């Protein structure tokens, strides 16, 4: 945006309608935090957010701000947020004719020999007018005179130089002193003026002044020349002889440049050689106007004036400067392409190609530079961001000018990437297996599941829970609970292997993001059998406290099968391995029991049995500690000893009840085997 304002405008005056020129709603300026930044560091303006108007904060003085510069612009930056935008504002300060011309001295005293030829020129000091353009000095006027007239020449920088020209020969004897008035007029409307009294003394003798050839010259010089470099040698001639022709050189100091060049250049008073005596800087000043006075040694002395313009040639001696105007850090990892990350300005004090700067960043970064306007760039996203891969970026901005050789400046800043909840928690395995003894006390630790979440902060804060699924008939939460913080699974009640051998516990982990993300796993809890069931004798069946009576032939041979004890154990594995044995008695018994089958047979030849024998058969499992059951069997001789000898080869004929019991055992074993096979097949399929 570009506006202009006269320098005499009162504070509070409107400079421009920002809201209209920016095309934004006035009501949004406050919410978007519109603020004004002056590039010069001085605040000359303010923004009326209610009206959206740029106002003048203080009275401007163009001469104080820009001096003798032909143009005077103040550079501002408007920063708006949501989204972040930067606009450049240039305000041209227009000159007002508020200064009158003024001569360095109110009175000027000149001397001229009476033998001076018509056309002789007497240089006058230039009047000063801080105003510029048409308001600066426009012309000079000299009060009427028979002998003198006013001549105005234009210097190389456009400054008008007044000179008094002798038009008619002088006669000191008639008029020794001439009094004139010099008036300087500016071009303002209305015009302003300043005057100086000019007193001209007429002298005798030395009638040829030194003459500079050429009177105005220009020299080009590189800004980095060594101190002592010869700039030029003035060519001055004086037609007089002797002391009247010996010329001495000196700087002519004017108020336009009060002695500034004398710190940078030296002038040999005898030879007129002009040399450098300090380093020259194009960026400080690109040209110097030097006035040299050439004065002879006559009486009275005469002088001539040489005007020399030294123009410096810029070299690439200044590195670019990178200015980070604004940085939005951290930035969300889900930021869209083209999101503005930073506003970057660049400066180079050199001119021409030496001041042309280009910015670069590494190509492997998900960012790019976009030119906003002259010497200002925006850093925007050019690719997706992922905090889990890179939590931040060290961005190095490289500024390279177009000089030869080019100069390079680097500026590095860190951009942090803010996390968003874009990753669900993850278990190390979709299935886990755990084992627990069947009679563990409620609250016993079963297993600890563990999940990880690559996000951070609340997005990575995990909580665990058990899902009540329809896999079990009874809700799984009646058997197990889980610590929501560390994922440890505990029992709610004691487990019974004989009732449930395996549980499928579905566990869900959920993060604390918004929206929350979750994942599940299944923990297969296998109940380990304990020896908590004593063997049960299913044959022979006798009431508790009673005995089973069995008869055999009185002359049964060794190996004769008396009967068979059948027992079962609700436990499994080695806890269900049963062994049969006879309790020891004080007398030796002619019977023995098979350890594994429980068959009771005659161990030795029986003499004719007359008395009954009492056997206590003990059935013991293989658990730790071992549990047992026993049955009392009373064996008596048969009254009729002629029994079927086949009885010695097998059990007595089984009753229908015994047959049914055996069938039930077989069906149970087959069912358990099938269920186990199905369970293992299901687990294998899920794992695959």
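Every residue gets a Cβ built from N, Cα and C, even glycine.
Since this is a predicted model, take the numbers as computed values, not measurements.
What TrEMBL records for this protein:
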DOMAIN    4-103  domain 'Cadherin'
DOMAIN    104-212  domain 'Cadherin'
DOMAIN    213-322  domain 'Cadherin'
DOMAIN    323-427  domain 'Cadherin'
DOMAIN    428-537  domain 'Cadherin'
DOMAIN    544-654  domain 'Cadherin'
TRANSMEM  661-685  transmembrane segment
Query - Average pLDDT across the domain 'Cadherin' (104-212), rounded to a whole number - result: 85
Query raised in the report: Looking at 4-103, 104-212, 213-322, 428-537, which one has the highest count of Cβ pairs under 8 angstroms to the domain 'Cadherin' (544-654)?
Result: 428-537
Query raised in the report: Quick one: DSSP breakdown of the domain 'Cadherin' (428-537) into helix, strand and coil?
Result: 7 helix, 48 strand, 55 coil
Query raised in the report: Helix, strand, coil residue numbers for the domain 'Cadherin' (4-103) per DSSP?
Result: 14 helix, 38 strand, 48 coil
